[in-house]
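Novice: Structure provided below as structure tokens; questions to follow.
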Amino acid sequence: YLSVTPTPNPQFSQFKSAKPRKSPHFAQTHFASLHENGPIVQKSNLDQFSSLCKNGQVREAVGLLTAMESENLRIGPQIYGELLQGCVCERAFFTGQQIHARIHKSGESIARNEFVETKLLIFYAKCNAHEVAFRLFSRLEVHNVFSWAAIIGLHCRMGNHEEALLGFCEMQNNGFPDNFVVPNALKACGALKLIGFGRGVHGYVVKMGFDGCVFVGSSLVDMYGKCDEVEDARKVFDEMLDRNTVAWNSMIVGYVLNGLNEEAIEMFYDMRVEGVEQTRVTLSSFLTASANLGALEEGLQGHAIAVLCGFEVDNFLGSSILNFYVKVGLYEEAELVFRSVSKKDVVTWNVLICGYVRNGKFQKALDLCQLMRAENMRFDSVTLTSILSMCADTSNMKLGKEGHCYCIRNNLESDLAVASSTINMYAKCNRINSAIQVFKSTTKRDLVLWNSLLAAYAELGLSGEALKLFYKMQLDGVPPNVISYNSLILGFLRNGQVDEAKDMFSQMQSLGILPNLITWTTLISGLTQNGFGYDAILIFRQMQEAGVQPNSVSLISALSACTALALLHYGRTIHGYITRHDLFPSIPMATSLVDMYAKCGCLYQAKNVFDTVVNKELPVYNAMISGYASHGQAVQALSLFKHLEDVGIDPDNITFNCILSACNHAGLVSEGLELLNDMASKHNIKPGMEHYGCVLSLLSKSGNLDKAYELLETMPYEPDAFMLGSLLASCKEKHETELGEYLSEHLLQLEPGNSGNYIALSNVYATAGMWDVVTKVRNVMKEKGLHKNPGCSWIQIGKELHVFVSGDESHPKTKDIYATLALLGMEMHFSEHAPMIY
């Protein structure tokens, strides 16, 4: 029986040291069968049978059986047992069935022999012929330890872990303790994450004295690792007197499963120092840990060890090597490994396809999918999830529908991961009705599926529908988690419902659901975008107090809030945090810092940040050029713009918008016109409305009304109110009453309710001395109920915003303010008339 497990299995060697307990009935039946009436088979024949079967020469053994039958020798149970054992080792299912037929022909004494029946059960169980195995097991009059081991092992291989544990319990009740069955029971506990049952089995192991068995110890390590109790796994591992490769592998795998990748790598090196032989499982786990950490050097070492040890790059090891290269971004090396994998399975293909999709290499992913189909490989749920995710990112509705149809044709539409991806795809393609239809057609809905539709509603700002779905999922017995709340908060913020988002944030905390990084980031970003910058800063501070470390997105959102409100103090604080945590090298982070300092009036600090960026990219240049433009430093802006060409970076629409704005502020007419022409002719960029608007404003301010009007007539866009307003304002300076009337007529059609347009027209007439017309314009404003909104200055101190309007005395500290202004005026007056000291 000990040789039933195939010899290539590295775990098999651990069984030999332990002696299983056999039932007396089994032993008596077996030995009694060797002395039946008839010619007795010689021991040499039995040895020959055993040798042939162990060497994998099952056909020769069958031939020897035929020769013995021709000599009318009585074939006993042991011969059939050896033959069935050989079939198990070679997985020779058809030959085993032929032997089974011969056993039936041999008569009831052989066919109903307990030893033979047990061997048949083991054969069918090992060959995964579960229906026959279960039938044989139920037919056995007496269940011995070997039949229990076979049927429990079969349940485990089939994934029937509950049945395996029930069988283990029944076996114990019938008095069959056995250390060979314990590993299967522990495997089932690990698969089901039944840590309580697993600890009970561990107690049974200690009680029965099986803890000295290395295979049992390895299974305990494996069980604790899979049940997320990695400390207990390590305790068992450290107490093992004899550790083999399986024990080390179980510990390394446990570390990887629990995200302790550094510990896994450290244990791998300890294993090498101890001189323990590494297997493909060892290297696969080591490579996975290296991939998770992005540890390039370690992963390369793992690949090198695999080559030096002569391991075949099959689908198992090849997929791990491939996954490592994909995770660290070495796609050329990944493609070489992919081509070298001897027998690619769907997992191998999926690793590379998923990697391409994650990194935005969509065309390569599509090409690989087509090649996969050309090689007659079927897509599984992972492949389709990747394809649908790609369709969502690219809004490729046509391909997404084809993927959905493939799911339906191949009965994969009920797969929850595929259904979630399909919902996400339709939502990203703005087909929410199709997403709802997929949701409704999925009968078994888990929390992930509910969250997928919630996220779809949130992305589109459909907060009302999201809230209804949120309550419906609870009525259906699905409690929401932090992801559900994140989607609701996002939906409210997308719809401008800030108070509702805050209420939902408070509600989740009151229910004991802790906000995660995404919750905090969503709230900070949403509040900033909705104009609640100070609230965003307060949430950012609460996030740090809660011990949640902000990521680049939350930091950039907080910086945007500081920029919008010119909160220089908070901006500097965030900059200090970024510097302390070594987050500065990020290009988006540097861009946000440059923008924040420039818009808060600290141009020198913006320049300092800009200068410290080693590998500058276009967004950082754009932020710095914009900063120079807003501070009226057009010469520096033009110099930096020209520097882009020196470093080989092509400008974009934003760059030209910034540099044209700089020319507009400084009145650089010729430079502005030249840049507008260069956009299309030199840089192949089509000027947009904002670019024409800058140049029109530039020409208007400089008094070039003819050129401005000519540009207005020739540009490929209909002028907007900003453009017409710029020209109308210049008409006042140049006394162009007729042109002003013409422009105001068009402007009032575009914005009939804008009081500023009437004021601008009134000023044109006033400059020309046409006071009667001025009176008419003012009367029209009164009839329409339009009032000019006065310009104001403001300053924010803490959370309070102080607004000042010319001539306004509503501020509670008006007297103090005016007294201070009077003192400043007096000091300025005396300073002006004070004698000069040389």
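Glycine is treated like the rest: Cβ placed from N, Cα and C.
From TrEMBL, here are the annotated features:
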- 144-178: repeat 'PPR' (REPEAT)
- 244-278: repeat 'PPR' (REPEAT)
- 345-379: repeat 'PPR' (REPEAT)
- 446-480: repeat 'PPR' (REPEAT)
- 481-515: repeat 'PPR' (REPEAT)
- 516-550: repeat 'PPR' (REPEAT)
- 617-651: repeat 'PPR' (REPEAT)
- 652-687: repeat 'PPR' (REPEAT)
Novice: For the repeat 'PPR' (244-278), jot down how many residues DSSP puts in helix, in strand and in coil.
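Specialist: DSSP composition of the repeat 'PPR' (244-278): 26 helix, 0 strand, 9 coil.
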Novice: Using a Cβ cut-off of under 8 Å, list the residues of the same chain at least 6 residues beyond the repeat 'PPR' (652-687) that approach it.
Specialist: 618, 621-622, 625-626, 628-630, 632-635, 637-638, 641, 644, 694-695, 697-699, 701-702, 704, 715
Novice: Please give the average pLDDT for the repeat 'PPR' (446-480) in this predicted model.
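Specialist: The predicted confidence over the repeat 'PPR' (446-480), as a mean pLDDT, is 91.
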Novice: What are the helix, strand and coil residue counts for the repeat 'PPR' (345-379) according to DSSP?
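Specialist: Going by DSSP assignments, the repeat 'PPR' (345-379) contains 26 helix, 0 strand, 9 coil.
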